[in-house]
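A.B. asks: One structure is given below, represented as structure tokens, and several questions about it will come after.
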Amino acid sequence: MRKYFGTDGVRGKANEFPMTATFALRLGQAVAKQFSNGGKKIHKVVIGKDTRVSGYMFESALVSGITSMGLDAVLVGVLPTPAISFITRSLRADAGVVISASHNPYYDNGIKFFSGDGYKLPDETEISIEQTTDEMIQNGEIPISTDRIGKAYRVDTAIGRYVEFSKSTFDKDIDLSGMRLVVDCSNGANYKVAPMAFEELAAKINVMGNEPDGMNINSGCGSVYPEAMCAKVKEKGADLGISFDGDGDRVIFSDENGEMVDGDIIMGICAKYMNSLGYLNKNTMVCTVMSNFGFEKSMLEAGVKLVRTDVGDRYVMAEMLKNGYNLGGEQSGHIIFSDYNTTGDGLVSAMQLLKVIVRSGKPLSELKKFITLYPQVLKNFKVQKKIPVDYLERTSKEIQAVNKELDGTGRVLVRYSGTENKLRVMLEGEDLSRITEYAENIGANAVKEIEELS
């Protein structure tokens, strides 16, 4: 049973437990202990962050914890989450740490980890780190002599390395000359690297969300608020809009008409293109249970099979590794091209879509036409406690009854948020007003049942 880790590391409001400097120090010690597995090599941990004002505090605390256990701390500054994965592999580090709360507001922050091979940690490793963290909190002992204390140093070349890496995923015989892009960096981790990468490929760019002040990350901008990007695309007559989230592992797009295009559609376009060239392993892409019912039908008609997983890019990645698939992701814009990176990468995903646009000579509005989505409603309900949905007897019966009513023309999905005390109710079907009513009723009744059982 996890105590501190959610679906994407430890997360919470900065300066409130567990996201305190004291806890971060102990967590740093626990991670150092987890990855200091002997041998003669110098053990090191890469630390990167997004632009939140609390990032400096957590960076210092983690450095203290890691170096106090005899490991070196390699500081790369503000970089996207996928860049930390890449740099961890590139520097042959034992682990990578990202200080970020992704798409959340600035007052939240989080700490998540990569193994030395650039993958998110498996559940059993996170549980082991939790147990060690508790031991460190209770005992407070640091069994390292003075002469074994680790060093902390900065690597100033990390930004350039990642920009070159992202460009290397774009075919070398083409560029972006003549393309007009609107790029929204969400005042987050991509505010330097994304404009640099697109400009070096000869695109003309109009940049938004590239003036972080520590408190404006994800504030009315980025992939959580794509409306500003879509409006700017129409205003500037751009060919494409690209909107990242705060830590750069998600990306949402706008076509040339200012219409928002989500992660599922982008994956579908890329999967169809890859399949036509024989590059899509097993003619299959990996999606989550949130992917649209109509999307699945459209992909099957295009010759691409879908495999679904639980929500969370770690589960998508696990399925891809288990069965040898090379494309997967989420509707939210987490997209994994495993031929290139080991985690969701917004900049690399943008490069792959741009590759299809340039190669095909077609705008995004044309490329997405083969996909027909069913109306979808997603409602969030605050809850006091996350009682397993299967234990909610009345709610379970209501879900079964609605599924029977839909009779194969839609579906119901009820799950808890991995990072917040919220129940998410999602419905798809042919009649929007009907499924909206179903979603509101299921959510309200579930909240009432949870309150009765709490």
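Here the Cβ of each residue, glycine as well, is placed from N, Cα and C on the backbone.
Where the annotation comes from TrEMBL, it is an automatic prediction and has not been curated.
The domain 'Alpha-D-phosphohexomutase alpha/beta/alpha' annotation in TrEMBL covers 2-135, 161-258, 262-369. Feature annotation from TrEMBL assigns Mg(2+) binding site to Ser102, Asp245, Asp247, Asp249. Residues annotated as phosphoserine in TrEMBL: Ser102. According to TrEMBL, the active site, phosphoserine intermediate annotation covers Ser102. Marked as domain 'Alpha-D-phosphohexomutase C-terminal' by TrEMBL: 378-442.
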A.B. asks: Hey, what's the Cβ neighbour count for Asp247 (Mg(2+) binding site) at 10 Å?
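C.D. replies: Excluding its own Cβ, Asp247 (Mg(2+) binding site) sees 35 Cβ atoms within 10 Å.
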A.B. asks: Along the domain 'Alpha-D-phosphohexomutase alpha/beta/alpha' (2-135), what average pLDDT does this model show?
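C.D. replies: Residues in the domain 'Alpha-D-phosphohexomutase alpha/beta/alpha' (2-135) carry a mean pLDDT of 95 in this prediction.
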A.B. asks: Under DSSP, is Asp245 (Mg(2+) binding site) helix, strand or coil?
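C.D. replies: Once the DSSP labels are grouped into three classes, Asp245 (Mg(2+) binding site) ends up as coil.
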A.B. asks: In the structure shown, which of the binding-site residues Ser102, Asp245, Asp249 has the fewest other Cβ atoms within 10 Å?
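C.D. replies: Relative to the other binding-site residues in Ser102, Asp245, Asp249, Ser102 has the fewest Cβ atoms within 10 Å.
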A.B. asks: Write out how many residues of the domain 'Alpha-D-phosphohexomutase alpha/beta/alpha' (2-135) are helix, how many strand and how many coil, based on DSSP.
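C.D. replies: Grouping H, G, I as helix and E, B as strand yields 52 helix, 37 strand, 45 coil.
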A.B. asks: Relative to the mean position of the Cβ atoms of Ser102, Asp245, Asp247, Asp249, the recorded Mg(2+) site, which additional same-chain residues have Cβ within 8 Å?
C.D. replies: Asp50, Pro80, Thr81, Ser100, His103, Gly188, Ala189, Phe244, Gly246, Gly248, Arg250, Gly346
